[in-house]
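Since the structure comes first, as structure tokens, the remarks are kept for the end.
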Amino acid sequence: MVAFGKKIKERSIEEWQEYYINYKLMKKKVKQYGRQIEVGSLDRRHVLKDFSRMLDHQIEKISLFMLEQQGLLSSRLQKLRECHDALQDEPDISQISNLREAYRSVGQDLLQLLVFIDTNAIGIRKILKKFDKRFGYRFTNYYVKTRADHPYSQLQQVFKHVGLGAVVGAISRNLHELQNNQGSFLSIYDQPVVPLQDPVVDSIKNAVDRLTRSTNFLNFMAQHALIMQDEDLLIHEDQADQEEGRYHFMSLLLNLANTFLYMVNTYVIVPTADDYSMSLGAAATVCGVVIGAMAVAQLFSSVYFSAWSNKSYFKPLIFSSIVLFVGNLVYALAYDFNSLALLLIGRLFCGFGSARAVNRRYISDCVPLKIRMQASAGFVSASALGMACGPALAGLLQTNFKIYNLTFNQDTLPGWVMAVAWLMYLVWLAISFVEPARDPEEVHTSQESNSESLMFDEADQDGNMEKGITKQLLLAQEETEHDDEDDCDGSEESAEDSRKPANSFVAAYKLLTPSVKVQLLIYFMLKYAMEILLSESSVVTTYYFGWSMSSVSIFLFCLGLTVLPVNLVVGSYISNMFEDRQILLASEIMVCVGILLSFHVVVPYTVPQYVISGFIMFVSAEVLEGVNLSLLSRVMSSRLSRGTYNGGLLSTEAGTIARVIADATITVAGFLGQSMLLNVTLLPSLIICVGSIVATCFTFNSLY
């Protein structure tokens with residue numbers, strides 16, 4: 001694949017060569033910085049200062065040239081304005097036609113300037129991303145914030161194309177006045193609803209729209225997306241239109257409701273699982289198996305739901321609702337049948353109904369880009385709210401009665417209530433969900449090709465120059481999908497191979513860099529620690545403190561409530577003050593501190609010790625999860641943003657495996673007695689946490 005620096009030369013205007021970003025030079029400088037840091041001849045502070053100065057110089061060169069060209073266009077428009085005014089007194093059809101062509105000529109030159117801006121904007125974005133990836137910094141966030149918000153910002157000239165609106169407005173208004181007017185001069189402001197049927201103005205409008213979409217990453221720098229985004233959706237206008245056609249608000253709401261209900265279903269049994277197990281003749285620590293059964297089934301359901309979402313969203317959601325209804329029904333009936341097997345089967349069914357892979361996929365595939373960040377935040381919020389509401393709901397279900405031969409008590413009511421909830425959701429889903437139109441990939445690609453060909457053919461009717469400019473803009477747009485094409489030293493792959501999604505777990509694993517593997521280990525560690533804390537909370541607090549089920553529910557509810565405020569603080573403040581790697585390492589250390597404080601040693605075990613250590617562990621793990629997933633979404637291969645075996649599935653599987661092992665650990669440790677349960681289960685958490693800290697320090701230091 002041709003490097004971006006070469007493509008700048010291919011599409012650049014010859015007389016403007018010296019004013020384009022010197023991408024090749026800056027790329028060499030980034031590599032040079034890396035070598036100098038490795039040998040110790042240059043510190044990182046000097047690198048940041050030198051790179052900032054160099055990029056400032058490049059942006060200043062670009063922006064001043066843009067202002068110069070805007071001035072030339074403005075001078076030409078001013079002269080045409082004088083001719084236009086002269087025609088008001090003595091209208092002449094031939095002169096009006098010549099004047100119209102003169103305005104079109106200015107419009108074509110404006111299109112050239114838009115190509116120039118677009119190419120440089122992509123170059124700036126790519127070199128910033130390359131710098132962050134090479135050194136592991138959040139330099140892009142800092143650079144964009146400090147430069148874009150400054151009152152004398154030159155970066156705004158490039159990314160917000162300041163001043164071009166006036167030029168576009170002048171061309172559009174005057175061409176509108178000259179359009180078939182026969183001497184009658186009407187303004188676009190007088191008749192705003194009348195469309196201007198001029199191909200040059202249409203091309204300018206489309207070019208500005210595409211340029212806006214290619215440079216609007218300024219709005220996303222301070223936000224953390226926890227759902228893998230496919231950057232291919234940023235590319236073509238027809239794809240954006242297709243997104244709009246797919247979007248249906250009620251379907252999105254149903255998708256988020258599924259997320260919420262599933263998280264409630266996961267955690268609603270945590271406070272009562274030990275009591276339910278004992279009522280069926282098993283040990284209290286069997287709650288680990290009961291809780292973990294859902295995670296075991298989710299290991300398999302995540303794969304087939306991810307594959308199913310390639311073809312449909314409605315059918316897997318229907319299937320999910322039915323399976324979860326049956327699973328909760330079986331879970332509730334296990335009490336009256338006095339069967340531990342039915343209890344486990346019910347939880348397995350609930351796990352087989354996990355459609356979180358569909359929930360993520362629907363947002364990334366069917367929600368328009370302009371509101372996708374809000375939808376992603378809704379997904380995170382729904383998950384957090386469900387996690388908090390699950391234990392709270394269990395705390396409210398404190399009653400005991402019978403209807404015929406069916407028992408309704410604190411153990412069975414979570415199953416009965418969730419079965420009714422899923423039945424109601426199923427009816428709502430069947431009535432309101434709209435399946436988005438899904439074409440096969442080959443047809444979709446063919447349609448894109450046909451759309452581009454049609455665009456070029458239409459442009460050709462108005463002149464080869466306009467056709468060439470439109471094509472250059474489209475080619476510039478396509479660079480946004482190949483940000484990593486020249487990140488590997490000397491290794492290049494075909495465009496087709498670089499776009500293919502992974503077709504197996506093995507293929508997906510091969511796409512993972514060492515740093516990504518460490519991040520998945522971190523994700524495994526934090527999920528393991530959180531599952532140990534949550535799943536054994538009822539057994540531990542009952543043994544040491546004699547807590548009631550309501551007290552356990554309140555404790556878990558308070559833990560769940562910390563998720564949203566913690567992510568808000570980290571996303572809005574902490575991430576802007578420190579680098580991701582710093583937050584990552586600090587959070588891992590705090591998780592380790594929380595684990596250490598949780599051990600029961602010589603002194604009597606107290607409620608403050610348990611609660612404080614639990615909150616430290618849980619909150620630190622939440623901070624770690626947010627930063628880790630945010631970093632993963634930026635450094636994971638773009639090929640893992642689509643297909644069945646995507647980045648979201650990999651992270652889900654890593655977390656689910658951690659939960660399965662953690663719940664199994666609780667049950668196995670139960671054979672040693674409840675007095676040993678706490679320390680025995682915390683020991684693996686400590687070992688994995690220390691290992692992840694060592695891996696983080698070693699891997700990131702060796703890479704960056």
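Quick reminder: no glycine exception, Cβ is built from N, Cα and C everywhere.
The annotation compositional bias 'Acidic residues' is assigned in TrEMBL to 480-495.
Taken from TrEMBL, the feature domain 'SPX' covers 2-145. Along the domain 'SPX' (2-145), the predicted structure has mean pLDDT 79.
The feature region 'Disordered' is assigned by TrEMBL to 480-499.
Positions annotated as transmembrane segment by TrEMBL: 252-270 (among others). Tertiary proximity for the transmembrane segment (252-270) is limited to same-chain residues at least six positions away from its ends with a CB under 8 Å from its CB atoms, namely 276, 290-291, 294, 313, 317, 320-321, 324, 328, 331, 347, 350, 353-356, 358-359, 362-363, 366-367, 375, 378-379, 382-387, 389-391, 393-394, 414-415, 417-418, 421-422, 425, 428-429, 432-433, 534-535, 537-538, 552, 556, 560.
Positions annotated as transmembrane segment by TrEMBL: 282-305 (among others).
Marked as transmembrane segment by TrEMBL: 317-334 (among others).
Sequence annotations record features per position, and here TrEMBL assigns transmembrane segment to 340-358 (among others). Listed by sequence, the residues of this chain that lie at least six past the ends of the transmembrane segment (340-358) yet keep a Cβ under 8 A from its Cβ atoms are 255, 258-259, 262, 265-266, 269, 276-277, 280-282, 286, 289-291, 293-298, 300-302, 305-306, 308-309, 313, 316-317, 319-324, 326-334, 415, 648-649, 652.
Within the chain carrying the transmembrane segment (379-401), a Cβ under 8 angstroms from the stretch's Cβ atoms is held by residues 226-227, 256-257, 259-272, 359-360, 363, 407-410, 413-414, 417, 549-550, 552-557, 559-561, 563-564, 567, all 6 or more beyond its ends. Taken from TrEMBL, the feature transmembrane segment applies to 379-401 (among others).
According to TrEMBL, the transmembrane segment annotation covers 413-434 (among others).
According to TrEMBL, the feature transmembrane segment maps to 520-546 (among others).
Residues or ranges marked as transmembrane segment by TrEMBL: 552-571 (among others).
Here the transmembrane segment (583-603) has long-range neighbours at 522, 525-526, 529, 533, 544, 570, 574-575, 609-610, 612-618, 620-621, 623-624, 627-628, 631, 678-679, 682, 685-686, 689-690, 692-693, 696-697, meaning same-chain residues at least 6 beyond its ends whose C-beta is under 8 angstroms from one of its own. For 583-603 (among others), the entry in TrEMBL reads transmembrane segment.
Cβ atoms under 8 Å from those of the transmembrane segment (609-632) belong to residues 224-226, 516, 519-520, 522-523, 526, 529-530, 533, 537, 540-541, 544-545, 555, 559, 562-563, 566-567, 570-571, 574-575, 580, 583-584, 587-588, 590-591, 593-595, 597-598, 647, 651 of the same chain, restricted to positions at least 6 beyond its ends. According to TrEMBL, the transmembrane segment annotation covers 609-632 (among others).
For 682-703 (among others), the entry in TrEMBL reads transmembrane segment. Beyond the transmembrane segment (682-703), the same-chain residues lying 6 or more positions past its ends with a Cβ under 8 Å from any Cβ of the stretch are 136, 514-515, 518, 521-522, 524-525, 528-529, 532, 581, 584-585, 588-589, 591-592, 595-596, 598-599, 665.
For the domain 'SPX' (2-145), the number of residues in each DSSP class (helix H, G, I; strand E, B; coil) is 127 helix, 0 strand, 17 coil.
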